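Trainee: So that we are looking at the same thing, I have put the structure below in structure tokens.
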Amino acid sequence: MCIHVLVLLFLFNLYSSTSAETPLKPGYYSQSCPKAEITVREVMKKAMTADPRNGASVMRLQFHDCFVNGCDGSVLLDDTPTMLGEKNSLPNIGSLRSFEVVDEAKAAVEKICPGVVSCADIIIMAARDAVALSGGPTWDVKLGRKDSLTACQKDSDDGVPSGQSNASFLIDIFKYFNLTVQDLVALSGSHSIGKARCFSVTPRLYNYSDVPGQPDPIFDPKYKQTLEKICPLNGDENVTLGLDATPQSFDNQYFKDLIDIKGFLHSDQTLNTNPVTREYVLLYSKDQQRFFKDFVEGMIRLGDLQSGRPGEIRKNCRVVNAH
Ligand code: HEM
Ligand SMILES: *[C@@H]1O[C@H](CO)[C@@H](O)[C@H](O)[C@H]1NC(C)=O
Ligand SMILES: *[C@@H]1O[C@H](CO)[C@@H](O)[C@H](O)[C@H]1NC(C)=O
Ligand SMILES: *[C@@H]1O[C@H](CO)[C@@H](O)[C@H](O)[C@H]1NC(C)=O
Ligand SMILES: *[C@@H]1O[C@H](CO)[C@@H](O)[C@H](O)[C@H]1NC(C)=O
């Protein structure tokens, strides 16, 4: 259904859009907008000083953008009367946040180089900066993406895995995107920063395997007590808590927590249960530098996902340009 909208847009906009599958490269804007990357970084610094969680929230946008028809800024489009975008999909609604930080970065970049830098690339730069500014590694990002002409709520529902997923399901979905088991475990280490809602853990506490009243049998008992207190049955599911014990530092604490059975999401804890993924959990819990190295590789591969569809440089990340 969503693809029909795309075909229409494609026919109407053919003259003004450049075809996608652009080769990406570091320093793509070094001639056309040499201050693009530093400008985005300054906006991220300010946003994270105001609220450190903005780093995690913006980094997560890269995942939810790239897993839905490639890294094309589709996640940033607001719904229109004729298009249900991705913001209200099940994985995103009431959860994905800090869109205003991307708006701010886009406005700052438009001011110095109007119409040059894509929203899709701004997500990629900002995600890199978020990790570095949280104490994690830094890296050169490949740039040159175009922004999508449409977005699709259903593609987001289908493409972004739920926190109730198990490791074998996650291995398969990552494989579909040409990402390895190493990428899966290293990229899950992004949960070293940021917060999640009770909504994402109550099925594990009170309805495991869809059995009312049953908890996930694997929890560390003390951690489970803490979660039950913060997230009581029939309580406010919007209450948030850290995804690991140090939610403002990008470090390997997340993997240590998984080994102590103090993982928040089912999708996290299951990485320590499945023998194939557990190997990497053990490795990263002992070797933070190796985690950083593999995480960077994973982010680059995640950022390489492209749809091959036509695109543009949006003026406003929330709406397709008027044609
Ligand atoms: C491996 C599969 C993954 C699953 C199943 C998953 C699932 C989730 C869930 C359920 C939440 C909490 C949502 C809420 O309760 O509001 C979350 C938060 C988060 N995810 Fe993931 N995620 C995955 C991979 C990733 C990847 C690859 C990244 C980044 C590259 C990422 C970055 C984040 C961040 C930073 C947060 C916290 C955001 C905030 O504080 O606003 N996740 N994830
Ligand atoms: C939780 O958040 C959702 C989505 O943002 C909202 O519709 C709902 O009213 C909130 N629930 C409570 C109890 O605040
Ligand atoms: C993992 O999840 C998939 C999809 O939900 C399910 O079919 C499968 O049985 C689960 N595997 C295990 C080992 O629980
Ligand atoms: C994975 O790689 C294959 C072979 O290069 C390619 O045909 C396919 O489109 C890729 N899949 C995704 C989701 O990018
Ligand atoms: C538990 O899971 C079942 C099956 O998905 C669902 O019908 C039921 O409403 C859930 N109960 C609670 C308390 O969430």
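Cβ atoms are placed via backbone N, Cα and C, with glycine included.
Remember, it's a predicted structure, so these values are computed and weren't measured experimentally.
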Trainee: Return the single candidate from Cys2, Cys33, Cys66, Cys198 listed in TrEMBL as disulfide-linked to Cys113.
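Mentor: Of the listed candidates, TrEMBL names Cys33 as the partner.
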Trainee: Looking at TrEMBL, which of Cys2, Cys66, Cys71, Cys119 bridges to Cys317 via a disulfide?
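Mentor: So the cysteine paired with Cys317 in TrEMBL is Cys119.
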Trainee: In TrEMBL, Cys198 is disulphide-linked to which residue out of Cys152, Cys231?
Mentor: Cys231
Trainee: Look at the disulfide annotations in TrEMBL and name the partner of Cys71 from this list: Cys2, Cys66.
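Mentor: Its disulfide partner, as TrEMBL records it, is Cys66.
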Trainee: Tell me which of the binding-site residues Asp65, Asp72, Glu86, Asp244, Asp251 sits in the most Cβ-dense spot, judged by other Cβ atoms within 10 Å.
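Mentor: Going through Asp65, Asp72, Glu86, Asp244, Asp251 one by one, the largest Cβ count within 10 Å is at Asp65.
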Trainee: Of all the recorded positions given, Cys33, Cys66, Val68, Cys231, Cys317, which has the fewest Cβ neighbours within 10 Å once its own Cβ is left out?
Mentor: Cys33
Trainee: Cys113 (disulfide bond) has how many other Cβ neighbours within 10 Å of its own Cβ?
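Mentor: A count of 15.
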Trainee: Any idea what DSSP makes of Asp72 (Ca(2+) 1 binding site), helix, strand or coil?
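Mentor: DSSP assigns Asp72 (Ca(2+) 1 binding site) to coil.
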